[in-house]
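Per TrEMBL, these features apply:
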type     : residues         : note
ACT_SITE : B:Asp7           : active site
ACT_SITE : B:Glu68          : active site
ACT_SITE : B:Asp141         : active site
BINDING  : B:Asp7, B:Asp141 : Mg(2+) 1 binding site
BINDING  : B:Glu68          : Mg(2+) 2 binding site
Number of protein chains: 2
Amino acid sequence: MRVLGVDPGLTRCGVGVVEGLPGRPCKLIGYYVVYTDPDDDIALRLLRLDTELAALVAEHKPESVAVERVFSQHNVRTVMGTAQASGVAVLAGARAGLPVQTYTPSEVKAAVTGSGTAGKAQVTSMVTRLLGLDAPPRPADAADALALAICHIWRGGTRARMEAAVLAAKRRARR
Amino acid sequence: MRVLGVDPGLTRCGVGVVEGLPGRPCKLIGYYVVYTDPDDDIALRLLRLDTELAALVAEHKPESVAVERVFSQHNVRTVMGTAQASGVAVLAGARAGLPVQTYTPSEVKAAVTGSGTAGKAQVTSMVTRLLGLDAPPRPADAADALALAICHIWRGGTRARMEAAVLAAKRRARR
């Protein structure tokens, strides 16, 4: 399963592509940060983000897209731009006909570190280890996007295993 | 000048198309509300909004798009969806190669009622009068979108007249 994770942001948007199967080690395909100029018009910035995300989806052909959910407890000055960027990211996946799943920051942290309150450094360190990288991915936006992709593969896997277990139990019950 | 105004929202997104020239009466071309189902997936909802807005832009061929700016002092539960919808609206204009301008709610209210703190009813009443309609446009989201389009025509006009005055003054100074 190949997943494209997006840590949405207007000035810096992290994108990470990971391949893997539930319960198996994941493989890094690539990571990127899309930058847009804060001095540019909002329309130009969202258009650039849309164009870059569409290009990355076309290049990597992921089977699904995972986007971090935005909360309003963040910095009020920047949260509107982040929310607009997340809308564009979700749309980029949907327009390519892909399933899009959103995860809260604590779901992602819990998936890769075991703790929903882990810090940025811990997330980066676990992403580096889980993907078997020689050096941590930089900047942190890229590491967060990779963590999202890993979270989606593993949680999708958990769900698939649970569904399989439920099916197996039903089959046993029928015998 | 034909302007497509958007009052962004995820559940209800108002769209108003107005034709006019600065300082002249405006003409209603059409108004719409795009609804998306709150029970649907966010990706489906944003995709539907994007598709509908792109279709309205293609149908009406406006020369520019005006979108209401979203602030975080709104209801925290819904503001993230509104911000995502506004990102999609701005992008719809930009992807069609059109200039996109954003206005704050008070700029819009001031443009059509003379007061930046006017209520919804007053805005609807002025939009009805300014467009010479027999009945107020319903729902209020549509009236707000029409107010945005009127605001853009008039403010663009003010700007154009000021620029013309500055140019004329420069020309006089050169003589």
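Each Cβ is built from the backbone N, Cα and C atoms, and glycine gets one as well.
Curation plays no part in TrEMBL annotations; they are all automatic predictions.
Small disclaimer: the values here were computed from a predicted structure and weren't measured.
Fewest Cβ neighbours within 10 Å among the active-site residues B:Asp7, B:Glu68: that distinction goes to B:Glu68. In this structure the alpha carbons, written CA, of B:Asp141 (active site) and B:Asp7 (active site) are 6 Å apart. Spacing of B:Asp7 (active site) relative to B:Glu68 (active site) is 6 Å (Cα to Cα, whole number). DSSP assigns B:Asp141 (active site) to a helical segment in the three-state reduction.
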